[in-house]
Amino acid sequence: MSTPTTAQTPETGTARVKRGMAEQLKGGVIMDVVNAEQAKIAEDAGAVAVMALERVPADIRKDGGVARMSDPNMIEEIIEAVSIPVMAKSRIGHFVEAQVLQSLGVDYIDESEVLTPADEINHSDKWAFTTPFVCGATNLGEALRRIAEGAAMIRSKGEAGTGNVVEAVRHLRQIKNEIAKLRGFDNNELFAAAKDLRAPYELVKEVAELGKLPVVLFSAGGVATPADAALMRQLGAEGVFVGSGIFKSGDPAKRAAAIVKATTFYDDPKIIADASRNLGEAMVGINCDTLPEDQRYANRGW
Amino acid sequence: MSTPTIGVLALQGDVREHLIALAAADALARPVRRPEELAEVDGLVIPGGESTTMSKLAVVFGMLEPLRERVRAGMPVYGTCAGMIMLADKILDGREDQETLGGIDMIVRRNAFGRQNESFEASVEVAGIDGGPVEGVFIRAPWVESVGAAAEVLARHDGHTVAVRQGNVLATSFHPELTGDHRVHGLFVDMVRAAQ
């Protein structure tokens, strides 16, 4: 039998290809890494992707100053070192940093509140890129505004670099509760809901019908233990970003592998218990209620 | 007509989309993470995802050997993207410690179509699928470098083999589960029925 072949021209950078990429990451852990060596540890531990950045959020907090896109050399070294997808962060609204990251061939761009915002009014137009974007959100309206701007994946903001999961829990519950509320609205009410959410009506209607965001929803910000990761999944996150929690801990390789296990078997306390044994010291952590307002990254972006 | 029970390997990846596609193709679909869950299904889908993660978790949670045994014993299996890699007897550009189940005498090159910026959609004619080409969504997709005599090439894109069948084992480089077109899943459900 002869094999048929395709004729049509392939199309890159479509919404389906961008959102579809995030679907492939579901059930997985994306780990912050600052060099090729850490990237390899993350890949060995079963990470589905790594986030390449110069300093993990805990160090950005400690050092202060303006946090920017990472050195292209460092990002390229990480791309070379691993076979899994590599993400990198641009500042909010800094579309030139995003252009640079796209030209380096990263697989996903995180327009991130962890870096110092470059624009206090506008986020980047993410439709203009072939590379897909993930953005943080603290509530449904914020998530939908980012999707309207072209984000192909959403994550909770949490409070990065604190090792404290409380804000990620708050954001995820907020998003889920607001979606549940939309489900109960009739068509008349959806117009007012869109106005309240400050989000496009079409997206609000889509969420009301689907009962979920039209893109993948991950958790980020403050996950430090296997149980934290499993908690976020039980609360409805489809996967987990871990920033400072791994490489600021006593035994990164072991903790990374443990968080991967707990993310897959998030509903099996026995497996989470086994994964939690003898991990050494967790990162120290910061109590979010003692954080001054101007040091709360979740307030960045709008 | 019997309704087969088909599992989706749920260690990591786009499990939900496959469960929806299988249900739409008239199968009873359920996630499979444990050997005892594997024992209860008539067929299995290995979803898209990160093949190195899936392979690692299959080893850690004692799924690798039970999966290999079922595939050897003739259970119908369908793998998309990372799933195709898992079903290859041999892979290129994988990690050195990366385990596969095997099942199709083929050599698969991981991420052969490139990184995410090169990911694309294209229509693909698939042998055995009536009603015109399927929409192929290729995401950091592998291609099949070569196949053995027992394997049948079902589709090519740009000269590269992107769909293969060998006996009860089916594999595609692309992701029909992301399109809402359930014909490829229909073909697989028919394969599972025929094997019952």
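Counting begins at 1 with the first residue displayed.
Note: Cβ is positioned from N, Cα and C throughout, glycine not excepted.
Summary of the site annotation: TrEMBL records L-glutamine binding at B:Gly49, B:Glu50, B:Ser51, B:Ile139, B:Arg140. Screening the candidates B:Arg70, B:Arg72, B:Arg110, B:Arg165 against this entry identifies B:Arg110 as the one listed for that site. The most densely surrounded of the recorded positions B:Glu50, B:Glu177 is B:Glu177 (count of other Cβ atoms within 10 A of its Cβ). Residues within less than 8 Å, Cβ to Cβ, of B:His175 (active site, charge relay system) and separated from it by at least 6 positions along the same chain comprise B:Asp14, B:Glu17, B:Gly48, B:Thr80, B:Cys81, B:Val137, B:Phe138, B:Ile139. With respect to their backbone Cα atoms, B:Arg110 (L-glutamine binding site) and B:Glu177 (active site, charge relay system) stand 20 Å from each other.
Looking at the residues that bind L-glutamine per the record, B:Gly49, B:Glu50, B:Ser51, B:Arg110, B:Ile139, B:Arg140, the two CA atoms farthest apart are separated by 13 Å. A Cα-Cα distance of 12 Å separates B:Glu177 (active site, charge relay system) from B:Gly49 (L-glutamine binding site).
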